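Have a look at the structure below, then the notes.
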Amino acid sequence: MEGQDEVSAREQHFHSQVRESTICFLLFAILYVVSYFIITRYKRKSDEQEDEDAIVNRISLFLSTFTLAVSAGAVLLLPFSIISNEILLSFPQNYYIQWLNGSLIHGLWNLASLFSNLCLFVLMPFAFFFLESEGFAGLKKGIRARILETLVMLLLLALLILGIVWVASALIDNDAASMESLYDLWEFYLPYLYSCISLMGCLLLLLCTPVGLSRMFTVMGQLLVKPTILEDLDEQIYIITLEEEALQRRLNGLSSSVEYNIMELEQELENVKTLKTKLERRKKASAWERNLVYPAVMVLLLIETSISVLLVACNILCLLVDETAMPKGTRGPGIGNASLSTFGFVGAALEIILIFYLMVSSVVGFYSLRFFGNFTPKKDDTTMTKIIGNCVSILVLSSALPVMSRTLGITRFDLLGDFGRFNWLGNFYIVLSYNLLFAIVTTLCLVRKFTSAVREELFKALGLHKLHLPNTSRDSETAKPSVNGHQKAL
């Protein structure tokens, strides 16, 4: 009888492992297909290339797609875990959700951590070096020579990074155990290195997210149709049509020898056509789209941003009075045993919305920073090297998103797998400083955003607008006379 029970337990464990592997494969396959379509939408359409370059580009494309799929999985990790916990609480004995259990969720967290390390330290460096390699001098040109050069570059890069990490760990901890841990690569150095990368990702999120939260209002304003208050769209369309016709006549009258003027006029004509298209779209929009959707979206963004800042402020107070508020504090009751949100399913849904909102804001803020402005992908005109850089950046941001969400108190869901083992998560001063900086910087960015109009008027009243300050430089560019002599006041 005991032998039959043992066999039955082994069979059940085997079926459970097969089921979890199948679910993980299907989820990743869906993310991979979506990521492939996203990258091919932005990737520059390559010209006729040699077979060797085509193979290299194809391999780099597959590796970049894999990395972007892992990034999407890391973003969905925390929301999927939160909603799974609430579903297991609401339907504990339901036959159709038996596949959803703690073992599956723990497995997803472990796979996300493993693949993030693999992409960050192996696949993306390999894709970059493979794309830039030409083979060592003296060797026969071909795929093998490029692979050999890539592997040598990866080996040198690994030695350099491990040396830097070993020196940093030895400086931080002078204990003999830290010196001897050089021989324990898997147990110490890779987790320590990923902990450093996670901290850098959280610092990058700390820089990008507040900027993105304030920038989201501008981005949504560009995507939506604004209300036409005290505006005559017909007159504006008539003026822009005259300007378009004037530019077209000037282009037809210029000779082909004046190449510089032709290119300048073509660019000006393209800008005028774009502006005309936007005005026509605003004119064709329905009344409810103009007068209801835009204000509702702006109010929704303001509410989400305010709730995020309030949650961070509450988390700061909890950190000061309760040590269990630390991200690396005591372990929770486990998945499916208790709700981690005060308001149950509604609170969990709000947490998921805020997590996605913070991720979108961080991406918007990342591409809004001047230092990363050249990284912005363009449709059908993004080189493979730039795609690799974008995939690495998105991977760093998405891998740090669960850590940032837990550190800021957006959710109380415990970090699973290697995400909850970072040493700096147990440092009270680092966590408290992170929360304070996020709240202060976000508040300052929002105040700067909503007081920009008043500030510009004060600058003009005091005569400071002539100093070419950052806020007034954009206005001066938009008010610059166009090529045909008309002032662009639209």
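Glycine residues also receive a Cβ, built from the backbone N, Cα and C atoms like all the rest.
Topology check against Swiss-Prot: GLY365 and PHE450 fall in the same compartment relative to the membrane.
Within the same chain, the transmembrane segment (111-131) stays apart from the transmembrane segment (340-360): fewer than three Cβ pairs sit under 8 Å, each pair at least 6 residues apart. With helix defined as DSSP H, G or I and strand as E or B, the topological domain 'Cytoplasmic' (132-151) counts 10 helix, 0 strand, 10 coil. At the 8 Å Cβ cutoff, the transmembrane segment (340-360) and the transmembrane segment (63-83) share at least 3 close pairs (sequence separation 6 or more) and count as touching.
Listed by sequence, the residues of this chain that lie at least six past the ends of the topological domain 'Cytoplasmic' (132-151) yet keep a Cβ under 8 A from its Cβ atoms are 52, 55-56, 126, 385. Among the recorded stretches 63-83, 292-312, 427-447, the one sharing the largest number of Cβ pairs closer than 8 Å with the transmembrane segment (384-404) is 63-83.
Residues 41-45, 204-205, 207-213, 215-216, 219, 389-390, 393-394, 397, 401 of the same chain sit 6 or more residues outside the topological domain 'Cytoplasmic' (361-383) yet have a Cβ under 8 Å from a Cβ within it.
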